[in-house]
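Note sheet for the following structure.
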Amino acid sequence: MAPKSFLPACLLAFTLQIFFFPPVSFSVSLLSNSNESSSMEGLIKLEVGCVNHPEDVSIVVSKGAVYTATRDGWVKYIILHNETLVNWKHVDSQSLLGLTATKDGDVIMCDNEKVRNIINSQALIIVHGLLKVSEEGVKVIVPNVSFANDVIEASDGTLYFTVSSTKYTPADFYKDMAEGNPYGQLLKYDPKSNQTTVLQEGFYFANGIALSKDEDFVVVCESWKFRCRRYWLKGDRNGTLDTFAENLPGGPDNINLAPDGSFWIALIKMNQTGVTAIQNCSEKWELLDAYPGLISLLLPMGSDGGARVVKVDGIDGKIIRDFNDPNATYISFVTSAVEFEGNLYLASLQSYFIGKLPLDAPNPELATI
């Protein structure tokens with residue numbers, strides 16, 4: 001335990017390292033063929049006040065609707081042709097994270113709510129894991145998986161999903177960041193055998209997941225490393241892992257396949273230098289206990305957090321399009337972006353609406369660099 005007199009000195013050194021050795025700025029673009037990022041001016045706010053901090057969005061094409069899950073346990077969707085909100089199903093949970101639409105028009109989602117069950121006359125605390133939400137109701141399909149974060153369905157019904165941390169809970173995610181060890185996993189669920197398999201371990205906070213257009217690989221967002229990694233499902237590289245996109249100008253959160261085979265990635269504003277500094281600090285836990293406000297320096301999640309979404313090439317992961325709202329003028333802390341019929345639909349854990357950003361609007365006021 002560090003003496004109390006040592007902690008202010010440690011805090012000063014930590015703060016100086018952040019401000020005198022700044023990271024790649026959230027407002028600096030790393031476009032492969034341009035140094036410009038587009039503003040989010042023109043963003044339309046759908047159902048303001050009716051959507052409580054949505055973390056992810058997914059499109060059910062057959063219904064022409066965008067689905068989301070909220071902090072108050074609702075699975076809701078917006079019928080896009082008339083922008084009508086439907087409160088579809090309620091889940092007794094406040095910890096709904098990533099979701100995906102299935103080929104049958106149902107929704108699979110990650111839930112980390114702890115529940116008390118009686119099994120063989122014993123009271124057991126379990127975590128939901130993966131839920132299936134359909135017209136018939138809500139069903140747990142992969143129980144007792146802690147910190148499941150995002151999920152995607154393949155054409156054969158197989159589910160691929162991420163576990164962000166096998167050590168920490170969602171409430172303690174910042175401890176995973178501070179420790180800086182790879183506790184994340186990529187898992188596979190086979191609905192035919194009802195078996196769940198760990199495909200790959202060793203991710204630094206495995207977050208969003210997306211399947212390639214040809215379903216030959218999945219991309220896993222690795223938030224604390226500012227990169228995405230690719231796990232091959234077919235071909236000569238089947239079962240191997242490589243880097244897909246790196247040195248991203250923010251921590252990748254959710255990722256979604258675009259219609260043209262590229263990917264949209266929502267980026268979390270983080271201070272990369274500060275994250276490295278806290279991970280290397282031998283007194284990190286004492287420092288965070290004494291100065292909990294440090295987390296907001298590393299990961300600003302409020303109105304000053306900004307918002308950024310990039311589109312990356314489906315082959316080499318290079319940034320090919322960039323939307324940036326560094327001062328959160330229109331939306332803050334975007335955690336997911338999905339493209340449908342010429343618009344980008346945005347979810348944010350800091351908002352009470354779904355954002356709709358026209359992709360071909362003649363806007364282009366450039367974001368502040």
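Every residue gets a Cβ built from N, Cα and C, even glycine.
In TrEMBL this protein carries:
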DOMAIN    153-235  domain 'Strictosidine synthase conserved region'
SIGNAL    1-26  signal peptide
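Over the domain 'Strictosidine synthase conserved region' (153-235) the predicted model carries a mean pLDDT of 97. Broken down by DSSP into helix, strand and coil, the domain 'Strictosidine synthase conserved region' (153-235) contains 13 helix, 40 strand, 30 coil.
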